[in-house]
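K.L.:
Supplied in structure tokens, the structure appears directly below.
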């Protein structure tokens, strides 16, 4: 019996093929998440403050650190969400992280289906997103990143739908997500700055035509973010102190970001000295390559996302040098995970352009999937074996 014809007919139907890819990607990411998170969520020093703030809010209605000082170093949304879990906060947080990670996949997967021209490239991008090692890492720890990434995905979808349809409901949805972004992670401000730059770059006509609506959108978001930052500055037990890490700090930060972005593409060893200088040189090359992809993109919204990616990374490099953010490869992977979706979409579109009349490119992409698959499996195993507190 010849089964090739029915199989070919199945995959030739666009909606069926894409739906199958979505189901496969969802099952793949869900399986990795459940295995990684099954023993429980791991913790760092940040986690202790998140849990303390959640507990204090549930008991007294105030956000307090573990030492009783006002909680001001991070946005308030994550501990408020944790407080909803009450006595079952760890199980609640695990459910939130799984849902947030799947929301990332569905949001960026939806945009891939809208923005990428070839079904094969869409399916490829869905699988790469499902094998996202950065999302596994941020989901494993009691950190705000998983929810932050999901909010950015939802914001991007809502903004895209508004730019396509001009329906007010989508702009309202984008405004709500935009308000929550910096309240979940203060670096949401960098994403929103990138959106502004992207609108100028990719949608100048829309800016002129709908400047009132976009100004209201920006003012509401800025007011919410500014109010929290003003409050945090005035109630903080100690004022924020910014100490520049100087030239050496800049070199280390460039090397860390160069290492993380390179590791998203190819397997590399830890970015320790003396080979750290190699990643310092690779980072400008990678950022220039991304800028070239943005410039050559035929999709305005991908150009916007490219502007967001570049703005976010450059701003994070700046605050790391000012000692306002953690400065090692683990922190960099954690921060950069928020823009993994745009990174994959830009890469997929560039690969799709190369694949026109070059079928071998699709074969290379298929073979390359082995790398993120192996890395995701190793990261999931690492997360599974991490020691976690009993309570």
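Yeah, the Cβs are placed from backbone N, Cα and C, and that goes for glycine too.
TrEMBL lists these features:
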- 16-38: transmembrane segment (TRANSMEM)
- 89-109: transmembrane segment (TRANSMEM)
- 121-139: transmembrane segment (TRANSMEM)
- 146-163: transmembrane segment (TRANSMEM)
- 169-202: transmembrane segment (TRANSMEM)
- 277-295: transmembrane segment (TRANSMEM)
- 302-323: transmembrane segment (TRANSMEM)
- 335-352: transmembrane segment (TRANSMEM)
K.L.:
Using a threshold of three or more Cβ pairs below 8 Å, and leaving out pairs closer than 6 in sequence, do the transmembrane segment (277-295) and the transmembrane segment (16-38) count as in contact?
P.N.:
no
K.L.:
Near the transmembrane segment (335-352), which residues from the same chain, at least 6 beyond its ends, have a CB less than 8 A from one of its CBs?
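P.N.:
Residues 104, 107-108, 111-112, 115-118, 121-122, 124-125, 128-129, 132, 134-135, 137-138, 145, 148-149, 152-153, 156, 185, 187, 191, 257, 260-261, 264, 290, 293-294, 296-299, 302, 305-306, 308-309, 312-313, 316, 325-326, 361, 365.
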K.L.:
Look over the recorded stretches 121-139, 146-163, 169-202, 302-323 and say which has the most C-beta pairs under 8 A to the transmembrane segment (89-109).
P.N.:
146-163
K.L.:
Report, as numbers and ranges, every residue of the chain located at least six residues beyond the transmembrane segment (169-202) whose Cβ falls under 8 Å of a Cβ in that stretch; write 'none' if there are none.
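P.N.:
74-78, 144-145, 147-148, 151-152, 154-155, 158-159, 161-162, 213-214, 217-218, 220-221, 224-225, 228-229, 300-301, 303-312, 315-316, 319, 325, 335, 338-339.
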